[in-house]
Amino acid sequence: MTIQARSSKKRKQHGQDESADTFNEAVNLEMLSDEEDREDVESDNGEVDEFPEIDAGSDESGEEDETYESEEDTGASEEGSSSSSHEQLHIFPEAKTIVSDITGQEKRVYPEIEPDYDSDSSTEDTPNRVGDIPMHWYDDLPHVGYDMDGKRVLKPARGDELDRFLKTVEDPNSWTSAFDKKAQADKPLTAEELDIIRRLYANENPDANYDPYEPLTEWFTGPGKEEIMPLTAAPEPKRRWIPSKWEHKKVMKIVRAIRQGRILPNRTKNTSQPLFYSIWGDSSSSNAPPLPAPKPSLPTNSESYNPPEEYLPTEEDKRQWEETDPEDREHDYLPQKYSALRLVPGYERFIKDRFNRQLDLYMAPRVQRVKLNIDPNSLIPKLPSPSSLKPFPTYKSLQVVHTHIARCISVSPDGAWVVSGDEGGVVRLWEVNVGREVRKWKFDGKIGSIEWCPRTDVSYFVVGTDDMLHFLIPPNLPASILQLTQSTLAPSTLPPPPETPSPVKWSTPSSNTWTDETAVLTIHLPPSSGLPTQITWHRRGDYLASVSIGGSQGAVWIHQVSRRHSQAPFKKVRGKVQLVLFHPMKPCFFVATQQYVRMYNLSEQKLLKTLQPGIKWISSMDVHPSGDHLIVGGYDRKLCWFDLELSDKPYKVLRYHTRAIRSLHFHPTYPLFASSSDDGAIQIFHSRVYNDLMTDPLIVPLKILRGHEITKGLGVLQVKWCSRHPWLVSGGADGAVNVWCS
Amino acid sequence: MGRLRQKGNAGAAKAYVTRSIAIKKLQCSLADFRRLCIFPREPKSRKRANKGSSAPTSFYYAKDIAYLAHEPVLKKLREHKAFAKKLSRALGRGEWSSAKSLEENKPVYKLDHIIKERYPTFIDALRDIDDALCMIFLFASLPSNPRIPPSLVENCSRLAAEWQLYIMRSHSLRKAFLSIKGVYYQAEVMDQTITWLVPYQFTQNIPVDVDVRVMLTFLELYQTLLGFVFFKLYTDVGLVYPPPLDAKRDESAAGVGAYLLQEASQKSDKPAVTKVKVVEVEGRQVSGRDVYKTIKNIASSSSNADDMDVDAPTVENNFGETEEEFIVQPSKSDAEMASSLPTLQSLKALPQSINTSLFAPYTFWLSRETSRPIFEFLVRSFGGKIGWPASSGGGSPFDESDDSITHVIIDRPVIEQPSETDEQRERRLKRRYVQPQWVVDSINAGKILLEAPYAQGQTLPPHLSPFGEYEGAYDPAALANEEAAADEDESEIEGEDVEIEDADLENEVLQAVATAATEDSATLRAAELAAEAAGIDPSTFEKEVAKSRRKSKKSSSNGVDEAETDMNKMMMSNKQKKLYEKVKHSQDKRNLERSKLEEKKKNLHKQKRKLGQTS
């Protein structure tokens with residue numbers, strides 16, 4: 001074999017010789033010559049029939065033939081069993097019948113099988129010799145490998161997809177062919193391969209010859225094959241045949257225990273202890289028991305099987321009951337009436353009810369709650385009856401009607417006259433008692449505010465229009481008062497102008513042009529400062545402060561009439577100033593921004609206090625005549641009462657109006673104050689303030705006055721008291737100015 | 001500066017644990033945790049207990065959980081888990097003998113200590129048996145299925161029968177109510193009011209959304225609880241617990257009658273102890289009752305006196321009889337007890353506020369269609385004798401032909417019986433035929449009601465709840481009394497209406513005058529004159545004046561008051577305002593409910609009258 005391995009044609013081995021080794025060794029040399037011959041045979045495969053003589057002359061003789069025959073037999077049987085298609089394909093070489101030279105009889109001769117690698121038809125001579133390598137290495141190259149001579153094997157032309165498809169259509173064998181990577185071309189599958197594929201599809205063993213039901217050959221077991229001889233010669237140990245001492249001891253232990261009665265075999269359940277006994281006989285445990293569950297509510301008349309008829313639900317009740325969620329129902333049943341007890345059916349929700357109760361029992365935390373059983377009326381504070389706190393305004397006595405929204409009103413210090421201004425620019429002067437209009441002024445633009453000078457020796461009022469303050473003198477004044485008034489407003493010798501020029505101009509028309517219709521004195525506020533929404537006087541009547549909506553810091557001005565001089569008290573104010581007020585007693589000044597009220601000392605130029613009413617947007621404010629209390633109203637309906645001596649938080653917060661509070665006013669002499677709101681109502685309060693610090697102020701609501709109509713969402717815009725009577729003047733968005741009398 | 005405190009290490013965050021943490025700590029399953037029946041607690045601040053989160057969780061007290069960790073039941077549950085594993089393994093391997101021995105040594109837990117923990121005193125336990133009784137009675141009537149073994153149902157029905165026997169013997173039933181859900185009973189045992197609900201005898205189906213495991217867990221506890229409570233109750237009155245069951249009677253469906261009440265002294269191994277106990281308890285009970293009675297006597301006016309006099313002799317006469325009714329084996333200790341406790345006897349003989357031997361003079365016969373368990377219990381609780389046909393179960397003390405029968409409880413329409421023998425007719429005329437509601441209404445009223453409205457075939461009067469409702473609720477009975485007066489009033493008004501229609505003008509004048517007249521005497525005089533001029537009868541005028549005066553007064557005073565209070569409400573603080581609104585809301589709701597019922601009643605009445613007039 002070693003010689004053969006070294007030979008150049010080592011690949012051509014004799015497959016059949018392997019089974020018969022001895023023979024192979026003997027004919028080794030001859031075989032070489034044979035193989036040389038066969039080279040030729042291989043080159044022209046078709047002329048198989050010319051060489052049988054050489055075959056016959058070889059020494060391989062009948063033995064080989066027999067094997068051939070046996071192979072043929074199996075092949076024939078195979079063919080018969082599998083299919084006839086094999087015959088058509090002619091995969092096996094056809095046998096020829098010739099006359100034997102030796103015996104002179106006919107015999108079948110098959111073409112010689114080349115015992116080399118390629119003798120199998122499936123592995124036909126492949127030109128590519130690269131071996132078992134990943135073929136994608138050649139993807140980028142024009143060739144697919146090298147042939148036996150080391151020459152490149154070029155890739156065959158493959159054509160595009162369409163060509164390939166057409167080929168599959170045209171070629172009837174295309175469905176039995178597969179792509180061969182080595183050749184880079186479609187190769188038809190052989191019949192065996194197809195058979196293997198078929199078997200794999202059918203879940204059969206791919207090897208056709210495999211027999212899964214081969215009879216078992218017993219080699220070592222069975223009768224006659226027993227091993228007789230022992231494996232070792234060691235003697236049998238004692239423990240195999242002497243009973244264990246330790247086991248015996250253990251068993252004896254149990255036996256003794258049984259004898260002594262410590263173990264009772266087949267003991268029955270101990271029924272000696274009774275199931276129930278006096279459990280509460282001995283001392284009770286120290287632990288506090290859990291809270292007892294509340295008892296379920298007892299059934300009412302409606303649950304009766306025969307309730308009074310009025311308990312029966314109407315159709316609507318029934319529908320409503322069915323529509324509501326079972327959890328939201330007030331009762332978990334619908335009352336029903338049965339004429340006799342025998343007709344009452346079983347209650348189908350019985351188990352569900354009990355189950356829900358049990359869920360309550362173990363899932364709900366048990367808490368002891370105190371049930372409030374109080375008369376709700378006892379919560380209402382006991383206040384003195386309003387009838388005992390008379391006088392206060394109770395009814396509307398007269399009405400003066402403006403064509404526009406009556407935004408501002410003012411009552412003269414003697415309480416006999418009222419001036420009212422509207423958004424049309426009309427100012428009316430009329431009497432409180434009868435409502436007779438004495439005079440009417442007309443200005444351009446809206447009237448923002450009106451305020452009567454609190455001095456009693458002179459008589460005039462200030463009207464605020466756009467960027468201007470007009471000082472007007474009412475008609476029909478006594479001569480002395482008129483003269484004093486005129487001299488106050490337009491003195492013959494004007495005071496010296498201030499050193500620093502002020503943006504506010506004071507102007508007086510010359511005395512010969514004075515009429516009742518025009519203003520005696522006009523203050524021109526800085527341009528674009530807008531409408532003065534508030535004018536407030538100091539109690540002496542010399543200073544007045546004005547607040548304008550426009551402008552930035554210059555919104556607040558304090559004007560001194562005697563010196564004809566205006567000054568801005570604040571260089572810088574945090575927030576937008578809404579309102580200002582003079583303290584009635586002290587030299588103090590209240591400034592309300594949107595959320596805070598600040599109290600300044602004017603003489604010391606110092607901030608005293610910041611009040612925090614907790615209102616989103618302050619709308620109105622007034623100070624009690626005693627100067628110790630302040631009320632602040634807001635657009636968010638709140639009214640705060642501050643005790644200035646105490647805290648900067650409100651002493652009391654009231655919320656009773658349904659809409660924004662618009663105006664507040666304390667009566668100068670009576671213990672009353674009023675608030676007006678956008679809901680069209682005016683609320684009168686009794687507000688008694690005590691001198692000692694111990695007693696809290698008494699606030700009693702007295703009366704709600706209704707009579708104004710709400711127009712464009714606005715109600716009563718301003719309320720003012722008459723100084724000498726408990727009478728109230730109110731101006732509303734409906735244009736009416738009402739006088740309310742006691 | 002003090003030490004910085006870490007959040008969640010002290011206070012509520014530490015004292016309360018959530019359920020999942022509790023389960024983790026106890027190392028048991030959720031199902032087992034549920035079986036431990038521990039109550040969640042409500043922390044003062046949920047947020048603080050939940051470490052800042054406001055998610056809805058149930059909290060348990062950490063100390064409760066720590067205590068539970070040593071719970072014997074929990075240990076047994078764990079053992080049972082191991083046992084179940086072993087058993088299933090043995091069964092899986094087919095090791096039958098080891099499986100059998102495992103089964104024999106199955107861990108069984110007892111709930112005795114839990115009863116003792118939950119109810120340190122007997123009164124605590126007695127107060128809490130309402131739910132237990134409801135469940136027992138429910139399960140006694142359930143059909144058994146794989147989840148509910150027959151032994152459980154049997155035990156429940158035994159407990160139910162024991163309770164009923166005790167109530168019947170101690171005459172402690174007070175009220176009963178036939179509702180659409182079932183029958184409510186209320187008894188007073190040792191000054192504790194116990195109410196329980198028994199479903200009507202129909203097969204109950206367990207709905208799918210009900211977790212039977214939860215119910216069975218409760219039932220386990222309740223069975224133990226009731227066992228101990230009954231033991232105490234029975235031994236306190238000198239009876240043997242558990243009462244022996246007469247198997248023969250039980251087979252004939254005798255129900256309650258299948259159990260025999262035995263005096264403890266007969267068997268008595270420990271007579272002294274029980275007797276002393278009885279005396280003590282009875283003595284206390286009596287003293288309490290005594291006080292109550294004295295108060296009642298003082299409170300009751302002399303008008304009741306004759307009523308009580310009537311009651312007293314009947315009770316005394318029938319007392320012995322009723323006692324015998326329940327003692328199956330006549331006792332010899334009775335006399336002894338009586339002699340040792342003369343005060344007790346005399347006190348018992350005194351008239352009671354609730355007549356517990358209401359039916360003592362009567363003998364009842366139950367018709368076939370009435371429910372025997374309900375009416376047997378009711379009648380016997382109030383001292384009556386009752387019999388029933390064999391179709392309702394065995395154990396009837398007499399049969400239908402018994403001459404002593406005074407009442408027949410019957411629940412079917414009247415049917416003419418043409419083929420009636422003289423004897424039957426005589427018997428029928430001698431007896432009173434009443435509908436079942438009569439029994440219950442009589443019990444609730446505390447006296448024997450007239451039989452006529454409840455006679456067979458009659459439309460029954462409404463059956464009202466004896467438990468009452470909240471204060472100020474709609475009372476149908478009260479309204480019925482008022483009705484008569486209202487009727488007259490209404491008829492008058494209607495009559496007037498007819499008149500007025502004739503004289504429209506006259507009426508107008510009259511009203512105008514009358515309203516004007518309310519102001520003062522001068523105008524009244526003037527008005528009177530005007531009325532005379534218009535030709536109006538002076539009596540009518542006066543009536544009208546009075547009416548309008550009342551009206552004006554009411555409206556004016558009300559109006560002023562309301563306005564004032566409305567204004568005073570302004571001065572309430574926000575908190576008070578909210579509370580006020582809340583209380584007012586509930587009040588309004590009740591009032592609305594009441595007024596709705598009254599309105600309905602009126603409408604019904606009107607309709608009825610209209611029908612009456614047309615027909």
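Note: Cβ is positioned from N, Cα and C throughout, glycine not excepted.
TrEMBL entries are annotated by machine, without manual review.
Per TrEMBL, these features apply:
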REGION    A:1-134  region 'Disordered'
COMPBIAS  A:32-76  compositional bias 'Acidic residues'
COMPBIAS  A:77-86  compositional bias 'Low complexity'
COMPBIAS  A:113-123  compositional bias 'Acidic residues'
DOMAIN    A:138-393  domain 'BOP1 N-terminal'
REGION    A:286-330  region 'Disordered'
COMPBIAS  A:315-330  compositional bias 'Basic and acidic residues'
REPEAT    A:399-440  repeat 'WD'
REGION    A:489-509  region 'Disordered'
REPEAT    A:654-695  repeat 'WD'
**OP:** Would you kindly list the residues that approach the repeat 'WD' (A:399-440) from elsewhere in its chain, counting only those six or more residues past its ends and only Cβ-Cβ distances under 8 Å?
**Re:** 446-456, 459, 461, 463, 465, 472, 474-476, 516, 711, 714, 717-718, 720-725, 727, 729-739
Subject >> Number of helical, extended and coil residues in the region 'Disordered' (A:286-330), per DSSP >> reply: 15 helix, 1 strand, 29 coil
**OP:** Determine the mean pLDDT over the domain 'BOP1 N-terminal' (A:138-393), rounding to the nearest whole number.
**Re:** 86
Original post:
Residues of the same chain, at least six outside the region 'Disordered' (A:489-509), with any C-beta under 8 angstroms of its C-beta?
Top reply: 460, 471, 473, 518, 520-526, 554, 557, 559, 561-567
Original post:
Going by DSSP, how much of the repeat 'WD' (A:654-695) is helix, how much is strand and how much is coil, in residues?
Top reply: 0 helix, 22 strand, 20 coil
**OP:** Using DSSP, tally how many residues of the repeat 'WD' (A:399-440) sit in helix, strand and coil.
**Re:** 0 helix, 25 strand, 17 coil
**OP:** With DSSP as the reference, give the number of residues of the region 'Disordered' (A:489-509) in helix, strand and coil.
**Re:** 1 helix, 3 strand, 17 coil
